[in-house]
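One structure is given below, encoded as structure tokens.
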Amino acid sequence: MKNQLLHSDQKFLVFLFFYHIAFSFLFTWYLGEYGGDAISFWELRAEKVDHPERWFSHWGTRSYFMQWLTYWPAYVFGLPLWSGNLFFSVLSYYGYYLLYGLVREQVDTQKHHWIQLSLWVVFLMPNLHFWSSSVGKQSISFLGIVLFLRGLHVMRPAWGYLIFGLGISYLVRPMQGFILMGGFIGLLIFTPSISNKFKAIFLLVAGLLAYGMLDFILYITHIPFLHPQKIMEFSASQMEFLEGFAAQSAVPMNSYSWPMRLWTLFFRPFMGEWESLWYVAASTENVLSLFLIIGAIGLMGRSGWKTVPLFTWGGILFGLLLMGVYALTLNNLGIIMRMKSFFMIFFHLLFVFGLAFAFSKKRENKNDE
């Protein structure tokens, strides 16, 4: 990819690396002031296991997987938490690096500085940097979805990216892996280059894996079987559980209409909801997010949507499905900002592709005159 990038791109990626790493030190300070899951992951106490001195005693999904990842640096080598934050920041930066390369393969920023500037703004938005710069699930979730979409974009030579991204996404959050498995099955069905014989084998294996994933998700959520009533009962219990923390950023999601729930998930806290400096930062980014999404709609018109590459649509669909889950399970603005951080970048990239389409259309109209 390096040969395809301009010198300005390479300089920006270097800047982006140090910018992202700086957030790991900010997050280390944040953990010291407010605490967080990263501390329990690093100290191997997020989940109790038999024989915690053994590495594979921690193997599993969710928090178990995080403890399995941190076992060697934290338990064996006794490294401090800040070094773990630094390491996970480097991992998530690789996601940024891959995603930037994917976008630049589709968009020529050399002719129009506004396209380049908009791309840089999207990649510098701080919410994702903050939450993916620590020993946390967001770092792995972001890397996982980008690896999956990298494989989705160029499946034949990069199928390993897709499988590895799907795997770590499932291990860190099974629901995310299940959604990606659905995308993988859809890709198999509509990929003409795969022979029907291999397609049938792959679909059988993928279908069995998807069934196993769903069965495990129902097990860990204590939903006995898929039924709207059981799902709503789980939703109510999850909301009640979060309400028990009496957090300052709690919102009455149960009483909201679906449009209000979606507004809350995408754009709150908004301007005027300033209860602390963190609220100011979050609301500022949400305002910019709203501007980018509305701007993309205006720039695309009717025909511009066809120019958006598959990996971006994949990230957006993934985000929309997770937003549907969040609408039923989350009622805390702080948690919402964290949980949506790693996929909102795909919605924001629509503005970049919309701007590229608008300039391309303007150039075509000028040539026709």
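The backbone N, Cα and C atoms fix where each Cβ goes, and this holds for glycine too.
As written in TrEMBL, here are the features:
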type     : residues : note
TRANSMEM : 12-32    : transmembrane segment
TRANSMEM : 72-96    : transmembrane segment
TRANSMEM : 117-134  : transmembrane segment
TRANSMEM : 176-194  : transmembrane segment
TRANSMEM : 200-220  : transmembrane segment
TRANSMEM : 278-298  : transmembrane segment
TRANSMEM : 310-329  : transmembrane segment
TRANSMEM : 341-359  : transmembrane segment
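Highest Cβ contact count with the transmembrane segment (72-96) among the listed stretches 117-134, 200-220, 278-298, 310-329 falls to 117-134 (criterion: pairs under 8 Å). Between the transmembrane segment (176-194) and the transmembrane segment (278-298) there are fewer than 3 Cβ pairs closer than 8 Å, counting only residues 6 or more apart in sequence, so the two stretches are not in contact. Distant neighbours of the transmembrane segment (200-220): 61-62, 170, 174-175, 177-178, 181-182, 184-185, 188-189, 194, 226; these residues of the same chain sit at least 6 beyond its ends, with a Cβ under 8 Å from one of its Cβ atoms.
Only pairs six or more apart in sequence are counted, and the transmembrane segment (278-298) with the transmembrane segment (12-32) gives fewer than three Cβ pairs under 8 Å, not enough to call it a contact.
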